């Protein structure tokens, strides 16, 4: 019983760092396996070999038939199943303790570098480092692997029990094996009680397997949801995504304020050709409103505009520019 108590204490530590389904699984493991096996299992199978009676006087025949009927005792088989199923959980516990100690050492190094931190605050940090560890990263991989192996062991032991014993305890077992000279009938004590106990343990194993499968689905959904949250901030194309996975609309782009805000550039209409522009530029030159830098900008704008409007308009506009220049200058000085 001391071994059971030690294992129970270890699994209690695992329960603090498990999911909700994992806690239910551990509860089922404690109540319906450890307690039932320790209290009722041994009492049901105590007379298993002593009350196994065969209708023969052949020496050694009864022992051989019992070995054929029960290659391993049901209670020992269930204890072995319990140990195999609990082993991945204990490995997860070891990994968790290792990570907690590692985090505790890192916190100690950080606290040693801080002189102003009080000793009470350090003890609070140390106590919280071993009790509050989130299941993520390598710990999540270890936890998921332990659940997978628990499911494999549960299914394997269920198949093994069906192959070795079946799920019903027959009251009569027919044996034909050396040194028995003929077929021997052997009688099992309390077959109905043992059948009920076998079915009960079968249901517990099925519930445990179902909980493991549900926990795998829960962990898969949790990892998938975590991946969506990580990919919500950016996408391969550089367009941000929202929480629902839809692309967010691009932000409107506003031109930065220009350094030459005091210069009013003339507007140009492409439909009016080059006459309108030449008249405006001549007026600005006469009145002295255009700066040298603006003239360069205007000439560059006029060159682009003339090219856009077409090369044939250049020749026809040259005479008009000269005549407009002469008339505008005369009218200004008169």
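Every residue gets a Cβ built from N, Cα and C, even glycine.
Between the listed ranges 47-69, 116-138, 185-207, 208-230, Swiss-Prot ties the annotation transmembrane segment to 208-230.
As annotated in Swiss-Prot, transmembrane segment covers the listed stretch 154-176 rather than the other ranges in 154-176, 246-268. Within the same chain, residues 1, 4, 82, 164-165, 173, 175, 177-181, 184-190, 193-194, 197-198, 200-201, 204 sit at least 6 positions outside the topological domain 'Extracellular' (36-75) and bring their C-beta atoms closer than 8 Å to a C-beta of that stretch. Assigned with DSSP, the residues of the topological domain 'Extracellular' (36-75) fall into helix, strand and coil as follows: 20 helix, 2 strand, 18 coil.
The average per-residue pLDDT of the prediction over the topological domain 'Extracellular' (177-207) is 86, rounded to a whole number. Taking DSSP states H, G and I as helix and E and B as strand, the topological domain 'Extracellular' (177-207) has 17 helix, 4 strand, 10 coil.
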